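Single-structure report; data block below.
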């Protein structure tokens, strides 16, 4: 009695915002099934050309009362993704998880840094990438990805604000339940996720998941220590994002506790 369904909900981003944590926490819900891997259907042309049946075949089997969710953080910053998703389903519900843009930049750098070390490639200090000739290197991809207002503008050309639910990534890590209950309401799902589904792991420093008699934590690549960043550089980042954040708050009629 199961079949593969095109997702009724997509976690569209943002990279290093907490998309994996959000997906795994939602997977606790009996009415939700999740795609195991990032599909990159709407942001990678070579995948999009394979067509909707190819996409559907990458989804898990589900019952009629279940919602299928996939997450690909690259969608949020992709110029093509909003229009392509709208063409597939103009009434789809989208989840966007965001965190403080400066923290997100540092987290983005940290992931690339560890990947390069593991591949025995040379690495650069954060400050050497972010500052060029004494000024902020605003062309740095990680900074570009944190311009939430710029990317959100493209999504609002195709979707109404009530189709996009924004999850506060900073809050989700500190206190998951209230954020997940908001998602349950947004998706019109019965309230099934409970505080007993989470426990704080002192060693890792974040919440892990308890469901179906099993306990699991996010992959060890999550929650890696960030480099200590020069305070002057931090201030330059905060200052650069301030105006973009204010514009974003106006756009979504909601403000966040960001620098």
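Here the Cβ of each residue, glycine as well, is placed from N, Cα and C on the backbone.
Taken from TrEMBL, the feature domain 'Sulfotransferase' applies to 7-244.
Feature annotation from TrEMBL assigns 3'-phosphoadenylyl sulfate binding site to 16, 17, 18, 19, 20, 99, 107, 207, 222, 223, 224, 225, 226. Its own atom aside, the Cβ of residue 20 (3'-phosphoadenylyl sulfate binding site) has 18 Cβ atoms within 10 angstroms in the protein chains shown.
Taken from TrEMBL, the feature active site, for sulfotransferase activity covers 16. Around the Cβ of residue 16 (3'-phosphoadenylyl sulfate binding site), 23 further Cβ atoms fall within 10 Å across all displayed protein chains.
Summarising the environment of residue 217 (disulfide bond), the number of other Cβ atoms within 10 Å of its Cβ, over all protein chains shown, is 16. The annotation disulfide bond is assigned in TrEMBL to 208-217.
Separating the Cα atoms of residue 16 (3'-phosphoadenylyl sulfate binding site) and residue 217 (disulfide bond) is a whole-number distance of 17 Å. Here the candidates are the binding-site residues 18, 20, 107, 226, and by Cα distance the one nearest residue 217 (disulfide bond) turns out to be 20.
Remark: residue 18 (3'-phosphoadenylyl sulfate binding site) has 97, 99, 167, 169, 172, 173 as non-local neighbours, by Cβ distance under 8 Å and separation of at least 6 in sequence. The number of other CB atoms found within 10 A of the CB of residue 208 (disulfide bond), across every protein chain shown, is 16. With a cut-off of 8 Å between CB atoms and residues at least 6 apart in sequence, the same chain places 110, 111, 114 near residue 224 (3'-phosphoadenylyl sulfate binding site), listed in sequence order. Around residue 226 (3'-phosphoadenylyl sulfate binding site), the C-beta neighbours below 8 angstroms that are at least 6 residues distant in the chain are 103, 106, 107, 110.
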